[in-house]
Amino acid sequence: MSEESHPHEGHMTPSKLFYLALGSVGVVYGDIGTSPLYAFREALKPIAHDGLTRFEVISLISLMIWALTIIVTIKYVLFLLRADNEGEGGTLSLLALLMKTANGHTAILMLLGLMGAALFLGDAMITPALSVLSAVEGLKLVTPSLSDYIVPISVVILALLFVVQSRGTGAVARFFGPITAVWFLVMAAAGISHISDDFGILAAFNPYYAVSFLLHEGFYGVVVLGAVFLTVTGAEALYADLGHFGRRPIQWAWFLLVFPALTLNYLGQGALVLGKPETMSDPFYLMYPKWALLPVVILATAATIIASQAVITGAFSMVRQGINLGFLPRMEILFTSETNTGQIFVPSVNAVLFIGVIFLVLSFKTSDALATAYGISVTGAMVVTSIMAFEFVRARWNWSLPLAVVALAPLVVLELIFLGANLLKIHDGGYIPILIATAFTVIMWTWRRGTAILMEKTRHTDIPLPSFVSAIERKSDHSPAQVPGTAIFLTSDPESAPAALLHNLKHNHVLHDRNVILTIRTANKPRVLNQDRFRIEQISERFFRVELLFGYMEAQNVSQALAVLRKAGLKFDIMSTSFYLGRQKVIPDTNSGMPYWQDRFFILLANGASLPSDYFHLPANRVVELGSQIIV
C-alpha cells in the first residue's frame with residue numbers, strides 16, 4: 001500500500017509519528033515485551049538436566065535473536081505490514097480481502113481463516129494468564145513467604161482487569177505507551193549492565209551457533225525450539241493492530257526501541273547465566289539488585305496487564321469483524337467511547353475469556369506449567385497467516401508461483417518446525433489451546449454453514465419481489481387497506497418479498513404508503529464512505545429497494561445510515577416509520593446437510609444471538625416482529 005492509503009499515514013508530521021509509535025509500544029508490543037520474563041528460563045530447562053555448557057547458552061541466545069530477526073522483523077515488520085486490506089490487518093481482514101479474488105478454493109481459504117481467528121482467540125485466553133502469573137511470581141524473590149499467594153494475587157488482578165472492561169480503557173490508555181516504553185528501557189538497561197559479565201555472549205549474533213546447536217542436539221534441539229518460540233509470541237499483534245496505528249509508526253517503534261531492548265535483555269540474561277550458572281532458575285529477575293526487585297515486579301505486572309488489555313481488546317475487535325462478515329451470531333456490542341468507535345466491549349466474549357483465563361490460572365498455577373501450553377496457538381496462527389499470505393501475494397501482488405515459493409516457503413517450513421516442536425508438549429497441557437481453538441472453529445463454521453442452509457431453504461419458498469409488487473398493486477376487491485407512513489422491511493435477500501411483509505399482509509391486511517425493502521451488506525473492506533453507503537432502486541410508486549453497505553470494522557447503525565438516506569432524497573419521517581423484522585423459529589432436520597448435533601448447536605447459537613433491533617440500533621418503539629417457523 002502507499003503511505004497515503006492509510007488513514008494514519010497521510011502527511012504525517014514527526015510529532016504525530018512519534019505519538020503513534022509510542023502508542024503502538026503499549027498496544028502492539030505489550031505481549032512480545034513480556035516474553036523475556038519466561039522465554040530464556042523455559043528454553044534452558046530441556047538442556048540443563050546434565051549441566052549447561054558455554055556453547056549451549058550462546059546457542060540458545062542465538063536462536064532467540066534470529067527468531068526475532070526472521071519471524072518478527074522480516075515476516076511481520078517488513079513484509080506482512082504491507083499486506084493490508086485498506087489499512088487494516090489481521091487474519092479476518094486478510095480473509096475478507098482474499099475472498100474477493102478466491103478462485104475455486106473459497107472453502108479452504110475460509111476454513112484457514114477461521115482456524116487462524118480461533119487460534120488468536122485461544123491466545124487471548126492464555127496470554128493474560130501466563131503474563132500476569134509470570135510477573136507476580138517475581139514476588140517470591142522479594143519475599144519468599146508470598147509464594148503461596150501468587151495464584152490468589154494473580155486471580156484478583158485478572159478479575160479486576162475483566163471487570164473494568166465494561167467501563168472502557170480510554171482514560172488510562174494514553175499511559176499504556178509510556179509505561180511499556182519505560183518497561184523496554186528498564187529491560188535494555190538490565191541487559192547492558194550484565195553483558196559485561198561475559199562479553200563472549202556477543203557471539204550469539206553469529207547464526208552458526210543457532211544452526212550448529214540444532215544439528216548437534218537432535219531431539220533436545222527440537223524440544224528447545226518450542227521454548228525459543230516464546231520469544232516471538234505476540235508478533236501476530238503487529239499485523240492485527242495495523243489499522244490502529246499504521247505501518248510506519250509500528251516499524252519505527254520496532255527498530256528504534258523494541259527490537260534493541262529485547263535483544264539486549266536476552267544477551268544480558270545469557271551473559272548472567274554464563275557467569276553465574278545458578279541464576280538459571282530465574283535469569284530475568286536475578287539480573288536486578290535486591291533493592292530494585294519490588295519496583296521491577298510492579299513495573300512487570302503493569303506491563304503484563306497492558307499486554308493482557310491489548311489482547312482482550314484485539315479479541316473484541318476480531319469478534320466484531322467475525323459478526324459483520326457472517327462468521328459469528330450477532331452479539332451485544334457496547335461502545336465505551338463517544339469519539340472512538342474502535343473502543344468496544346462485548347459482554348459475552350468478556351465473560352468467556354474471563355472464565356477461561358481464571359480456569360487456566362487455577363489449573364496450571366505456575367507460569368512454568370502454562371508456558372508449555374502457550375506456543376501451540378501462536379505457532380498455529382502464524383502458519384495460517386503465512387499460508388494466507390502466500391495466496392495474497394499471488395492474487396493481489398501478482399507474484400509468479402516460483403517467486404512466491406522462494407519468498408514464503410522457507411518461512412512456512414520454519415514455522416512448521418516450530419509448530420512441530422510445540423506439538424511435543426501436547427501431553428503437558430498443549431492440548432488446551434488445541435481444544436480452545438477447535439471449539440471456536442466449530443462455532444464459526446457451524447454458524448456460517450447453518451446460515452447458508454437457512455438462506456437456501458427460505459429461497460425455495462420465496463416470491464420474487466417484482467412479481468409480488470406487480471400483483472399487490474393491481475386494484476381489486478381484495479387489495480389491502482392503505483395506511484399512512486413508511487414501513488421498512490429488513491431482509492437478507494433483496495430479490496424476494498420479505499417474510500415479514502407477507503406475514504403483515506396475511507394477518508393485518510394493510511400496506512403502507514411507502515414500503516422500503518432494506519438489505520444490510522458487509523463489504524470486504526474495513527470502512528465505507530458515506531457516499532457509497534447506500535443504493536436506492538424505486539420498484540414502483542410505493543415500493544423501494546435499498547441496500548446499506550457497512551465495512552466489517554464499522555458499527556452497523558441503521559438509524560444513523562437512514563439519516564444519510566433522507567438527505568439523498570428518500571423522504572420519510574423516522575417517527576412515523578415502522579421497522580418490520582422476521583423472527584424465525586428454527587427446527588432441526590436430519591436431512592439438512594449438517595450432522596444432527598450441528599443442527600442443534602446452530603439452533604442454540606441462533607437462539608442466543610442478540611436481537612436484530614438491538615444490533616442494528618433500531619428505535620425500540622418502532623419495531624414490529626413477525627414470527628415464522630423453518631426446518632433446517
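Heads up, residue numbers simply count up from 1 along the chain you see.
Glycine is no exception: its Cβ is also placed from the backbone N, Cα and C atoms.
The transmembrane segment feature in Swiss-Prot is assigned to 17-37, 60-80, 106-126, 144-164, 175-195, 210-230, 254-274, 292-312, 344-364, 370-390, 401-421, 426-446.
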Ranked first among 144-164, 401-421, 426-446 for CB pairs under 8 angstroms with the transmembrane segment (344-364): 144-164
Highest-contact recorded stretch vs the transmembrane segment (60-80), from 210-230, 254-274, 292-312, 401-421, 426-446, CB pairs under 8 Å: 254-274
Long-range environment of the transmembrane segment (254-274) - Cβ separation under 8 angstroms, sequence gap at least 6: 21, 25, 29, 32-33, 35-36, 39-40, 44, 52, 54, 57-58, 60-61, 64-65, 68, 72-73, 77, 181, 184-185, 187-188, 190-202, 204, 231, 238, 280, 283-284, 286-287
Beyond the flanks of the transmembrane segment (17-37) by at least 6 residues, Cβ under 8 Å: 8, 72, 127, 131, 134-135, 173, 175-181, 183-184, 187, 230-235, 237-238, 241, 244-246, 248-250, 252-254, 256-258, 261-262, 265-266, 269, 284, 300, 303-304, 306-311, 313, 367
Beyond the flanks of the transmembrane segment (106-126) by at least 6 residues, Cβ under 8 Å: 91-92, 94-95, 98-99, 233, 236, 240, 311-312, 314-315, 318-319, 322, 327, 353, 356-357, 360, 370, 373-374, 377-378, 380-381, 384-385, 387-388, 391, 432-433, 436-441, 444-445, 448
Highest-contact recorded stretch vs the transmembrane segment (370-390), from 175-195, 292-312, 426-446, CB pairs under 8 Å: 426-446
